[in-house]
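All remarks here apply to the structure that follows.
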Ligand SMILES: Nc1ncnc2c1ncn2[C@@H]1O[C@H](COP(=O)(O)OP(=O)(O)O)[C@@H](O)[C@H]1O
Ligand SMILES: [Mg+2]
């Protein structure tokens, strides 16, 4: 069974550069937590500290109730799957999986039965005598998972484990890894820069940027209520439009784009109605309604159709608003037929649109 | 077009001649070692194996040969161990001033051997380490380690550090990680380094010339003396044996390096 | 929204796996040997050259003023230079041939370079004695060809020293030049042909300039090794071709003038170190140069 992992105010700096800043999170036993963020955001560094390969500059790491900050990697008993699998090239699949058990000095017969079980678990029963180079990428990935699981670690770490696989295989493996994790009840810390992967697999996602954990939340909350423009932009497709607040009217909050276009949004929560302050609204493409005529009582945002992209189950329409060629993505039914150059109106759903004050720390 | 063909033929002949002159001195010792004449005649006349018999029957020659082999084997062991350890520290370790240490490490290769030879002679003589097995071991290990560091650190640089992390995450400590994971990965580099170490010691002449004694004398020193004062075809027989062994080793290294790349 | 594959994925400090304590204990045996068997003896030899009942520069003065010794210094420089030039003239075409030929011919040529490289220096010196002596192969050939009627005195001359040293040092020049030639992308000369250059022009305008870093590296290492050469000049040279290394040896074991030997060693050492530092900077440049390819 899994054990909880607690990261308490962990910092890591490399010669004055803070790669991880004050990371704090408590991962419950059996929970699947993803670290999501762009390249260089400090995900691997944080994971390496949990694994014990890197020493935090300050802060504590607890597994269960035990402070393991000073425990070396080989005695933390944590399983780990590396991005390029890191299978030992000179050992067979069997020997690779047996390695952690050999290090724990288990009896030969015990090792054999447990490696057999692990091979069954990842559906590689007949490949025990192969060398890693004789396996496909997906098979190597499974061996790496089996090796990390065979000694029944309470915690499993994975650093972009599917990064080297093609899309179809990746989706298949996401499913299998998630199933394995759930059936074994092991606590998982999973690093990825792929937001879709994080959303589909995780119980909770910690979004990292510039070494900071920006938001820790379950996928739904993260998607619907992003805590910062960065999270909003990074998770899912998101339109971010610079606006200033004008007034509260009968048809909702009246806003003005940078280009001077006025439009109103019903039911938009405005915490600081300050006309001086530049702000950003964040709206997902599926929450915006597109129409040819301005028929509602309120003022809709006017735009010009730029392009329509048919995507199977729907069509993504790119609408230019304002003089700066700012593009807003709107999701419509699959057979919507807008022509480039046509004028159209955007209607925002206030309950599914967020408003952020223009802070200094965003991009 | 014609001139370019003529130029090509000219170029090819030049290369062929140059190559012939390059290998000639190595190849010439074979016929020399089986000629009957006592003098340095070329081409030699007749056929005899007497010079080999003389070499293998001569106590002094055999003594020098065994001494050289003993020193070379011990040097190989010492230099391979010391050099491999140093390479790990230099490639994977946390050391201040790494590039300085690296430059220092390679310096015995660049500093003229005569300087090392004279310095060691003056250092060893009062300690009675001239003509001494341990004196040679120190001197030759010093000269051989740079070669080991070159080959082993090249192998280490190619070796994926993630494999070491993987071993540790499997519960292996540093020694187990080295033995089970790193060593199998770099063994061709270590083996090539060992061969270089052996040859460096066995073939070393300058330092050996100065720190040899009446008792402890390497085959190179013995050859130097005989070439200088007592030139007989035994030298050709000895040379034949040495060249034969070196060519075998060269082939071995060739295969080792190919295996490492492959 | 597409995110590029992070090139440092999982890298975080991963090349450094051993802490300071472990690293020091791994390298300590070697550092100990370097100090005891190298730094200390060499330092003693060098520092001894400055003392003769107190600090003095008299040994250096002797080395650079007494005609006997200045002659040796200048001869050493001259021979090293000639050997380097000869090695370049012979070695460059060979390196070029290896880089141009296809298997198995390139292997044959490479073997011809590596065989002498792996042959004991004493064997090679001995072989040159056999070849160059009065009744040796070269004299026999010269007489048969009618070039000369009397056997020439070749052995124990400066000519013999230069010939044998060139032979011994050739591989040290060929290997770096070959390394540089190999990194020239094949399409560069092709492009030049395509633009209408003749083969000779292509060589001088494209191939040769691009191989220069290897040429510099090879020449410098050949020159450095030639400066300190001991065995070959001692065996095939005579009193009129005495070189630095042999002189240092004589001063140490025969004349027993150790401070003077130390002074000569210091001069040789400093020359070498200066050249080696140049060599390193060149190598660094070379790497920067070829890494873009
Ligand atoms: N050993 C190191 N020395 C210096 N900087 C490092 C080191 N390891 C990582 N970094 C830096 O720390 C930041 C975070 O790196 P990393 O954790 O690998 O990011 P991620 O895995 O999110 O892509 C990056 O800017 C990276 O360059
Ligand atoms: Mg990473």
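Residue numbers in this text run from 1 along the chain shown.
Quick reminder: no glycine exception, Cβ is built from N, Cα and C everywhere.
Here TrEMBL flags C:73-279 as domain 'ABC transmembrane type-1'. Positions annotated as transmembrane segment by TrEMBL: C:21-43, C:77-98, C:105-129, C:159-181, C:202-235, C:255-279.
Of the Cβ pairs linking the transmembrane segment (C:202-235) with the transmembrane segment (C:21-43) and spaced 6 or more residues apart, fewer than 3 are under 8 Å, so the two regions do not touch. Counting C-beta pairs under 8 angstroms (sequence separation of 6 or more), the transmembrane segment (C:77-98) fails to reach the transmembrane segment (C:255-279), with fewer than 3 such pairs. Outside the transmembrane segment (C:255-279), and at least 6 residues removed from its termini, the chain residues within Cβ reach (under 8 Å) are 42, 45-49, 51-52, 59-60, 62-63, 69, 73, 217, 220-221, 223-224, 227-228, 244-245, 247-248. Residues 94, 97-99, 155, 160, 163-164, 167-168, 170-171, 174-175, 231-232, 235-236 of the same chain sit 6 or more residues outside the transmembrane segment (C:105-129) yet have a Cβ under 8 Å from a Cβ within it.
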